[in-house]
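Here's the structure, in structure tokens; my notes come after.
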Amino acid sequence: MKLAIVGVGQAGGKILDRLLEYDATRNTGFVGHAVAVNSATTDLDGLAHVPERDRLLVGSAIVNGHGTGTDPEVGERCVREELSEIESAVGRATTSHTDAFLVIAGLGGGTGSGGAPIVAERLGEIYAEPVYGLGILPSEDEGGIYSRNAADSLQRFVAATNNVLLFDNGAAKSAGETLSGGYADINQEIATRFGTLFSAGEIDALGDDVAESVVDSSEIINTLGERGLTSIGYASEQLPQAERGGGGGLLSRFLGGDDEPEFASSGDATNRITSLTRRATLGQLTLPCERSSTSRALVIVSGPPDALNRKGIDAARRWLEETTECRAVRAGDYPLADEDRVAVLVVLSGVTDVPRIERLQQQAADSEAEAEAREATSEEKTRDLLEYDEE
Ligand code: GDP
């Protein structure tokens with residue numbers, strides 16, 4: 001599906017950069033247009049793939065290019081002040097081919113946390129196409145300020161979008177991803193999952209490989225719905241040498257090799273698809289949640305055409321229907337001629353039982369109460385400290 005993407009703040013910009021890299025190296029073409037918005041000059045300078053003219057510095061008159069110091073109210077002001085410039089930058093390359101908008105931000109900081117809901121709201125007012133959010137939740141050990149910012153921002157982001165797809169940094173860290181190299185591994189994981197989802201609906205790039213079972217953008221849009229939260233599962237497997245399509249197989253036939261097809265039997269392909277679907281659903285989700293609270297789901301199976309089959313995809317859909325106890329499960333494939341892996345992506349949309357968000361809100365409320373108490377004590381103690389008896 002063709003997206004116009006706006007990355008707001010540091011995390012928003014860095015993840016946008018990785019999605020552009022993913023799109024360029026795989027030639028998938030799902031990024032129609034990309035704009036990075038930030039109040040910090042150094043963050044914009046650090047981007048590698050967003051073209052210079054699509055990097056917008058906002059709030060110079062307020063923070064002079066130095067960022068918001070993790071203050072979402074300042075972030076919101078910086079973005080509001082430049083909303084018409086952001087609008088023009090997005091509008092410059094938005095065409096009738098744009099299927100949807102995606103606004104990306106880390107919800108625990110300042111610029112993205114305060115600014116992303118404002119950008120999403122404005123795009124929703126101007127365009128008829130859906131506006132989605134990709135929100136990054138802070139890990140629990142980042143502390144109270146980040147939790148408060150994220151809890152407030154999430155509420156506003158959900159209200160301003162058709163769906164917020166969430167990625168929990170804390171869950172990724174506990175699953176063994178490292179923060180070394182400034183989130184490099186985590187951002188790679190984000191680009192793989194969301195790049196797979198959005199490129200799956202971009203069927204123009206597939207040429208002759210389009211089969212009737214292929215997922216198109218309307219299926220993604222119907223799965224994401226009108227409002228709510230989404231979590232994504234993913235699993236992939238390298239195909240054994242004998243089953244890979246492309247150059248190797250052709251060459252061996254060229255050299256007088258076996259005339260038999262080199263691919264595994266359809267039974268193997270079916271089993272592989274169903275076992276990957278289980279791993280994707282039951283393994284690490286971008287937002288850990290109770291799977292049976294899903295409102296709508298989608299399974300996308302990608303890989304070389306010979307490793308995909310209708311039977312496997314149907315079995316995967318049935319299994320997901322039973323596991324999520326949800327009847328609105330769509331399924332399809334995304335054939336990629338040159339791939340040597342089969343991957344399954346599972347979209348759990350409209351999830352409502354999310355313990356992480358309850359903890360986030362609790363952490364936010366505790367931190368708010370503690371900050372108020374501390375402020376009151378500090379005022380009192382400062383008065384005691386400065387007052388003295390003149391006698
Ligand atoms: P902003 O520039 O003021 O919007 O602040 P940031 O984008 O730095 O947002 C802060 C939050 O985003 C932090 O609490 C982190 O949880 C998260 N974060 C920052 N950078 C990255 C990144 O590169 N990747 C990911 N996954 N999360 C990030």
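Using the three backbone atoms N, Cα and C, a Cβ is placed for every residue, glycine included.
Owing to the predicted nature of the structure, the values given are computational and were not obtained by experimental measurement.
The domain 'Tubulin/FtsZ GTPase' feature in TrEMBL is assigned to 2-205.
In the three-state DSSP scheme, Gly12 (GTP binding site) is classed as helix. Under 8 Å, Cβ to Cβ, and six or more positions away along its own chain, Gly12 (GTP binding site) finds Val6, Ala36, Val37, Asn38, Val103, Ile104, Ala105, Gly106, Thr111, Gly112, Ala116. Taken from TrEMBL, the feature GTP binding site covers Gln10, Ala11, Gly12, Gly13, Lys14, Gly110, Thr111, Gly112, Glu142, Asn169, Asn187.
Positions annotated as region 'Disordered' by TrEMBL: 361-391. Long-range neighbours of the region 'Disordered' (361-391) within the same chain, counting only residues 6 or more positions beyond its ends whose Cβ lies under 8 Å from a Cβ of the stretch, are 140, 143-145, 147-148, 150-152.
Among the features that TrEMBL reports, compositional bias 'Basic and acidic residues' is placed at 371-391.
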Maximum Cα-Cα separation in Å among residues Gln10, Ala11, Gly12, Gly13, Lys14, Gly110, Thr111, Gly112, Glu142, Asn169, Asn187, which the record lists as binding GTP: 20
Gln10, Lys14, Thr111, Glu142, Asn187 as binding-site residues, winner by CB count within 10 A: Thr111
